[in-house]
């Protein structure tokens, strides 16, 4: 018995869509800790960094998790831990580049939607820079990366200022010939 195809049987060669969902959250370090706050590859001054072995970039981590749900390749908790332990690499941009490399040659990123929850830092002044950095790493157009932000209105620990949480939805097109 042959293994079932991961592609739908279509009358002509077609693209199918795969959707990955990612989430990550980290608590802030005490304000006297010198570790910088990094979100979407951008440093936010006057905000403490995150409790994490890496730089704690919850945006890049959520995107990595979304890639994992599309490619079935575990980036965080496996590859990232190996890079950190073996080479001392704590830059989440490196982990995200590995996630991008996990795509098959037949797969192409179509769109990335990100929502970030936290009372601080104020994201609006740096959302454009975050979008540019993400688009650069993912090698997609700027209009394919969208970021929204919410304070959480104090309803969650993130909205109360204890940390930052990020959710994202990654849409990947895959060419599946008949």
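Cβ from N, Cα, C; glycine included.
Here is what Swiss-Prot records for this protein:
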type: BINDING; residues: 24, 26, 61; note: divalent metal cation binding site
type: BINDING; residues: 24, 25, 26, 150, 151, 152, 153; note: 4-CDP-2-C-methyl-D-erythritol 2-phosphate binding site
type: SITE; residues: 53; note: site 'Transition state stabilizer'
type: SITE; residues: 151; note: site 'Transition state stabilizer'
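Shown here: features listed in Swiss-Prot, placed on the structure.
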{"residue": "24", "record": "divalent metal cation binding site", "DSSP (3 states)": "strand"}
{"residue": "53", "record": "site 'Transition state stabilizer'", "DSSP (3 states)": "coil"}
{"residue": "61", "record": "divalent metal cation binding site", "DSSP (3 states)": "helix"}
{"residue": "150", "record": "4-CDP-2-C-methyl-D-erythritol 2-phosphate binding site", "DSSP (3 states)": "strand"}
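Counting every protein chain shown, the Cβ of residue 53 (site 'Transition state stabilizer') has 10 other Cβ atoms within 10 Å. Cα of residue 150 (4-CDP-2-C-methyl-D-erythritol 2-phosphate binding site) to Cα of residue 53 (site 'Transition state stabilizer'): a distance of 26 Å. Here the C-alpha separation of residue 24 (divalent metal cation binding site) and residue 152 (4-CDP-2-C-methyl-D-erythritol 2-phosphate binding site) works out to 15 Å. The Cβ neighbour count for residue 61 (divalent metal cation binding site), using a 10 Å radius over every protein chain in view, is 28. In sequence order, 25, 50, 52, 56, 57, 58, 59, 60, 62, 166 are the residues of the same chain, not among 24, 26, 61, whose CB sits within 8 A of the CB centroid for the divalent metal cation site. Around the Cβ of residue 24 (divalent metal cation binding site), a 10 Å sphere holds 24 further Cβ atoms from the protein chains shown.
Using a 10 Å Cα-Cα cut-off from residue 61 (divalent metal cation binding site), none of the recorded positions among 53, 151, 153 qualify. Counting only same-chain residues six or more apart in sequence, the Cβ atoms lying under 8 angstroms from the Cβ of residue 151 (4-CDP-2-C-methyl-D-erythritol 2-phosphate binding site) belong to 117, 118, 119, 159. For the binding-site residues shown (25, 150), fewest C-beta neighbours within 10 angstroms: 150.
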